Amino acid sequence: MSTTVGQVIRCKAAVAWEAGKPLVMEEVDVAPPQKMEVRLKILYTSLCHTDVYFWEAKGQNPVFPRILGHEAAGIVESVGEGVTELGPGDHVLPVFTGECKDCAHCKSEESNMCSLLRINTDRGVMINDGQSRFSINGKPIYHFVGTSTFSEYTVVHVGCVAKINPLAPLDKVCVLSCGISTGLGATLNVAKPTKGSSVAIFGLGAVGLAAAEGARIAGASRIIGVDLNASRFEQAKKFGVTEFVNPKDYSKPVQEVIAEMTDGGVDRSVECTGHIDAMISAFECVHDGWGVAVLVGVPHKEAVFKTHPMNLLNERTLKGTFFGNYKPRSDIPSVVEKYMNKELELEKFITHTLPFAEINKAFDLMLKGEGLRCIITMED
């Protein structure tokens, strides 16, 4: 590895040249890391709905050509000036949001929304100098959420890199750098269900099932899965879900159905769909006096949350969360340890594996709604 330090590395990357078109495998030049940056060799990456959303570019600013990808694991190849806590050979997870450790958010025990490195989906360059580290024939290829893991090598700000246990299998723990931690933390860190409590999970995709896994780990006795797709129910049992509600089966609002099932409402709910009606239902289905609802899904930009103020005055709590309230550098290593201690099971989230050359198949699988996480192996 050391022979490449300070040099431009030419490697393979899957480039999104335009919205909705298949990614193209290209030879890209990856510049050395600058001040407070790290160059990583990506070994495994997985596909998340966020990658597909920005590849389709239907509802936001299109930034192309771009190297997508943000859920991954790899090894540090080299570090830039000022980087002291990471070195070549370290095993790491790059994360789409960061932790500078200096701002008010990073110094707060309550927040993980770093002022410097908070996710910015429009920015396609490094914050240090406003330039891209990727190029083809001298022309820049843009970054994605500071990670761009659909490349054999990438450059990331040090604050967006979590150093993890070198014994952790990178082909499993790579899924912890985004969706699984988001759902898990929403339950464990924000909803905080107690042993024996009831929890409703709205949306049984990968993030929702991770939220259910959090409820299972916390010792919840009833985990009610809510989804319009009945085919997801069987799989959800593996994640601790005990009961299922399909809103299509009822003529009344799902919050009323859940209230009747649970003698007045669940103790906690976690909403993972981003649909505004589900968000309102998730809040209104929690028990008065102590119920807590946590919103995880990202709504449409025109969405408006409407509920009667009495629902709040009757001592229900509504919370939002970002990345499960985990600080990337400080907290994600301990989530990896949950897996290493067999407290958290990751294998059941991984339903497909593909070589890097077949990355477009991973997009097809997600667009068809097949499986949960597809691991893409970077090395042949």
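Including glycine, each Cβ sits where the backbone N, Cα and C put it.
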Query - Residue among C174, C178, C272, C285 sharing the Zn(2+) 1 site, where Swiss-Prot lists C48, T50, H70 as binders - result: C178
Requested in this report: Give the sequence-ordered list of residues that share a chain with T50 (Zn(2+) 1 binding site), lie 6 or more positions from it, and have CB atoms under 8 Å from its CB.
Outcome: H70, F96, V145, C178
Requested in this report: Specify the secondary structure state of R373 (NAD(+) binding site) as given by DSSP, simplified to three classes.
Outcome: strand
Report summary line: Fewest neighbouring Cβ atoms within 10 Å among the binding-site residues C100, A206 goes to C100
Report task. Specify the nearest of the binding-site residues C48, C100, C103, C106, C114 to V296 (NAD(+) binding site), where nearness means the distance between Cα atoms. Result -> C48
Query raised in the report: Which one is it: of the binding-site residues L204, A206, V298, R373, whose Cα lies the shortest distance from the Cα of C114 (Zn(2+) 2 binding site)?
Result: V298
